[in-house]
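Accompanying notes for the structure given below.
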Amino acid sequence: MATSKQGEGGMNNQSRNESIERDEEDKGNQSPLSFKSLLWHGGSVYDAWFSCASNQVAQVLLTLPYSFSQLGMLSGIIFQVFYGIIGSWTAYLISILYVEYRSRKEKENVSFKNHVIQWFEVLDGLLGPYWKAVGLAFNCTFLLFGSVIQLIACASNIYYINDKLDKRTWTYIFGACCATTVFIPSFHNYRIWSFLGLGMTTYTAWYLTIASLLHGQVEGVQHSGPTKMVLYFTGATNILYTFGGHAVTVEIMDAMWKPRKFKFIYLIATLYVFTLTIPSATAVYWAFGDQLLTHSNAFSLLPPNGWRTTAVVLMLIHQFITFGFACTPLYFVWEKVIGMHETKSMCLRALARLPVVIPIWFLAIIFPFFGPINSAVGALLVSFTVYIIPSLAHMLTFRSASARQNAVEKLPIFLPSWAAMYVVNSFIVIWVLVIGFGFGGWASMTNFIKQVDTFGLFAKCYQCPPQGPAIPHH
């Protein structure tokens, strides 16, 4: 009896999944293949891969050598691989929960025609309103600060091309530029941007690697890390932040024609990202050693030339794209709050989205601490948003035998038992809670407060060299 029931459940699941994919294909086939659709309407597996890979590493590329100087070379590489794998696992869990939520809703004949499904709605549908509130609070705060970090990074970078204006003034200017992202409707429309974005980070990573190797080691270079516990955990938390870029996973999945294919995309994106982050951080740390402890932006130590200027410009454009990535889910949440989400007119929606940009702008001017703010956000927000909450949500969603039996997605080949899934998820929750949130939170907040004491809030020019008559060379 049980087997026939299970077989029936399996058939239902299959037809449900087919209907999801048919819906998505209809959505995708509405626009004829044209130049516009080539640049604008992206929903393939490749689009999702580009979105994940380009979104995962932006300005973090420039702060990883700083983290290596806090952690030491060996710990730096081990933490990158470890958090990269854990990050890919939790992205996989999020994709399972998304498909589960969506197929349950389709069973109830809910249509998602003009609606972008978000993580907090998945939590609400599977686990109820309390989870929705927690998910929404962490996710929005994380994305808000993620956007703030992009703005700070813009000002920090452009200063290395043009130091006539201080960093705070540059933040004002870039805040206004980034406000234009209100006109990009959804993640479908980031096709050309995520493709370009990945090219830009790839160039910058290899520029950092090659420039450092050609520069050679500075005189009397020292590699004393790790020396202090505070610095060690601050560095580790920045790496946790690097591979925790999947607060927008659900929105990227929702923009795919076939969301079920998302499962391993994140892992493949992470493996590519390793080829960028590990060589560049290792090479810069090898060349400059302990100098990086007071230079959180890797650009500041490399000699100014055309190659560096190109890298800075490309990173600026990429930060603009990443700002859009981090901010778009916030726009969606805000539209849903004020009831504008299903409005057809893009101009009305763009106007309604503007209030979201203003607090981001303001926060970037208050806390211009490029580097330390990444670690603080990593410890206090990323740890919960993308590691702890998905693992707990997965365990609770499938806690009953019937939920496990009727799960839309079957268990992965490499972990064929539910007990093993629970062990892995429990390990992630405990590890990230103790090491990431506990030690990491203590260390990064200590470091952050030290920056406030040293430079003050509203710092006019964070970590700028004293201005002489000539442009200072490091």
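Just so you know, glycine gets a Cβ as well, placed from its N, Cα and C.
On a predicted model such as this, the values are computed, not experimentally measured, just so you know.
Taken verbatim from TrEMBL:
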type     : residues : note
COMPBIAS : 1-17     : compositional bias 'Polar residues'
DOMAIN   : 41-434   : domain 'Amino acid transporter transmembrane'
REGION   : 1-31     : region 'Disordered'
TRANSMEM : 77-99    : transmembrane segment
TRANSMEM : 136-158  : transmembrane segment
TRANSMEM : 170-188  : transmembrane segment
TRANSMEM : 195-218  : transmembrane segment
TRANSMEM : 230-252  : transmembrane segment
TRANSMEM : 264-288  : transmembrane segment
TRANSMEM : 308-334  : transmembrane segment
TRANSMEM : 346-370  : transmembrane segment
TRANSMEM : 376-398  : transmembrane segment
TRANSMEM : 419-443  : transmembrane segment
Tell me, please, if the transmembrane segment (346-370) and the transmembrane segment (195-218) are in contact, taking contact as 3+ Cβ pairs under 8 Å between residues separated by 6 or more positions? no
So which of 195-218, 230-252, 264-288, 308-334 is most in touch with the transmembrane segment (419-443), counting Cβ pairs under 8 Å? 230-252
Beyond a gap of at least 6 residues from its ends, the CB atoms lying under 8 Å from the transmembrane segment (195-218) belong to 50, 53-55, 57-58, 61-62, 65, 276-277, 279-280, 283-284, 286-289, 291, 298, 302-303, 307-308, 310-311, 314-315, 317-318, 321-322
Given pairs 6 or more apart, does the transmembrane segment (77-99) have at least three Cβ pairs under 8 Å with the transmembrane segment (264-288)? yes
Other than its close neighbours in sequence, what residues sit by the transmembrane segment (170-188), given a CB gap under 8 Å and a spacing of at least six beyond its ends? 40-43, 51, 116, 147, 150-152, 154-155, 158-159, 248, 251-252, 254-255, 320, 323-324, 327-328, 331-332, 346, 349-351, 353-354, 356-357, 360-361, 364-365, 368
Maximum Cβ pairs under 8 Å to the transmembrane segment (136-158) - stretch from the list 230-252, 264-288, 308-334, 376-398: 308-334
Best-packed against the transmembrane segment (376-398), counting Cβ pairs under 8 Å over 230-252, 264-288, 308-334, is stretch 230-252
Short question: which residues 6 or more past the ends of the transmembrane segment (230-252) have a Cβ under 8 Å from it? 48, 51-52, 55-57, 60, 63-64, 66-71, 75-76, 79-80, 83-84, 86-88, 90-91, 94-95, 98, 116-119, 122, 139, 142-143, 146, 186-187, 262, 266, 270, 273, 277, 293, 325-326, 328-329, 332, 371-372, 374-375, 377-379, 382-383, 385-387, 432, 435-436, 439-444, 446-447
Intrachain residues whose Cβ lies under 8 Å of the transmembrane segment (264-288), provided they are six or more past its termini: 45, 48-49, 52-53, 56-57, 60-61, 64-65, 67-69, 73, 76-77, 80-81, 84-85, 87-88, 91-92, 95, 201-202, 204-206, 208-210, 212-213, 215-218, 221, 223, 242-243, 246, 249, 295, 298, 301
For the transmembrane segment (308-334), could you work out the same-chain residues 6 or more beyond its ends whose Cβ comes under 8 Å from its Cβ atoms? 51, 54-55, 58-59, 61-62, 116, 118, 120, 136, 139-140, 143-144, 146-147, 150-151, 153-154, 157-158, 160-161, 174, 177-178, 181-182, 184, 186-187, 190, 193-194, 196-197, 200-201, 203-204, 207-208, 211, 247-248, 251, 299, 302, 341, 349, 352-353, 355-357, 360
